[in-house]
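S.K.: Dumping the structure here so I can ask a few things about it.
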Amino acid sequence: MTSDELSFVHDAVLLQEAVAAVLGVKALPKQTDDESQNSLQASGIYVDATFGRGGHSRLLLSQLADNATLIVFDKDPTAIRVAQELASTDSRVQVVHDSFATLTDSLAAMGITQVDGLMADLGISSPQIDDGSRGFSFMRDGAVDMRMDTSRGQSVAEWLETVDDDTLANVLYDFGEERHSRRIARAIKQMDRYKSTLELAEVIKVAHPNWQRGKHPATQSFQAMRIFINNELGDVDNFLEQSIPILKVGGQLAVISFHSLEDRRIKQFLQRHSKGQYPEDENLPMPPKRPRYFSKPKRVGPSKAEISNNPRSRSAWLRMATRTDTDYLADIEP
């Protein structure tokens, strides 16, 4: 890890809770002087679908047996360099430089069809925000890029050069829930160039008619453009759907989200696949079997202590569920 990459090491959110969830336990062992009691020594294959700087992965590795495997995914080239360094010192780690939306195909290329646990920490990481050159921050100057993977795809600046006002406004509204999307979109499209995040943030600030105290007026617009350019919500949907065939029965799914657009998707997915539904055709004499792919999901938020130590954790939610093999017939009232 380079000195620059070390400077961006950050605290993983809901660290203990997420790792315990993906291992299917209520809590990790308390650390004692007896090292033999400090690890669950879990065997199997696990996936950290968003490696970042490896906070969750490192704690998970401490709980895995020597014969276990941890596969880590990330789109960010810097994150991949950190992951590869970890893999060079721990043979249990395998690295995939790609989106977790490629989960099934990437695992198949390794000869893996099912895993024991899936974990993801969605959205943008603190190191990405704090590195102004990436373009994610409206508080630090940099190129208007915002790509998670800077080695491929179109930057936000390139997209803004060609997008029309209406499409931009729709993106700001749909992915940022920005109520003043049309006014802001018109102001953005009147800019002569898109080379500076601070310039872009200032234009949005001036165009925004109603500032919320304690919240920068460019917050939702930057979020919207980032989510759109990286297809974040589409990737989340693909990842969740792939979790059904990829997880073994008894395997664990644990996903951390930071805003309502992500959290709503996870919530609805788990609700849909954790309880039976009657068929849409009411004329059928009896409902067909409906697969129940997950147990009743649970949700956990950060503690007051974690929020105090890491204010960026305040909006985080961890949703978790266990993969089941239950196929059942919905009860019918006579």
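Just so it is clear, glycine is given a Cβ too, placed from its N, Cα and C backbone atoms.
Sequence annotations record features per position, and here Swiss-Prot assigns S-adenosyl-L-methionine binding site to G54, G55, H56, D74, F100, D121, Q128 based on sequence analysis. Residues annotated as region 'Disordered' in Swiss-Prot: 272-318. Here Swiss-Prot flags 289-301 as compositional bias 'Basic residues'.
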S.K.: Can you see whether DSSP assigns G54 (S-adenosyl-L-methionine binding site) to helix, strand or coil?
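M.R.: Coil, per DSSP.
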S.K.: Measuring Cα to Cα across G54, G55, H56, D74, F100, D121, Q128, which the record gives as the S-adenosyl-L-methionine binders, how far apart are the two most distant ones in Å?
M.R.: 18
S.K.: Summarise the compositional bias 'Basic residues' (289-301) as counts of helix, strand and coil residues per DSSP.
M.R.: 0 helix, 8 strand, 5 coil
S.K.: Three states by DSSP: which one describes Q128 (S-adenosyl-L-methionine binding site)?
M.R.: helix
S.K.: Let me know how many other Cβ atoms fall within 10 Å of the Cβ of Q128 (S-adenosyl-L-methionine binding site).
M.R.: 22
S.K.: For each of the binding-site residues (D74, D121), count the other CB atoms lying within 10 A of its CB, then report the residue with the highest count.
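M.R.: That would be D74, with the most Cβ atoms nearby.
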S.K.: I want to check the contact list for G54 (S-adenosyl-L-methionine binding site): same chain, sequence separation of six or more, C-beta distance under 8 angstroms. What comes out?
M.R.: V72, V82, A83, L86
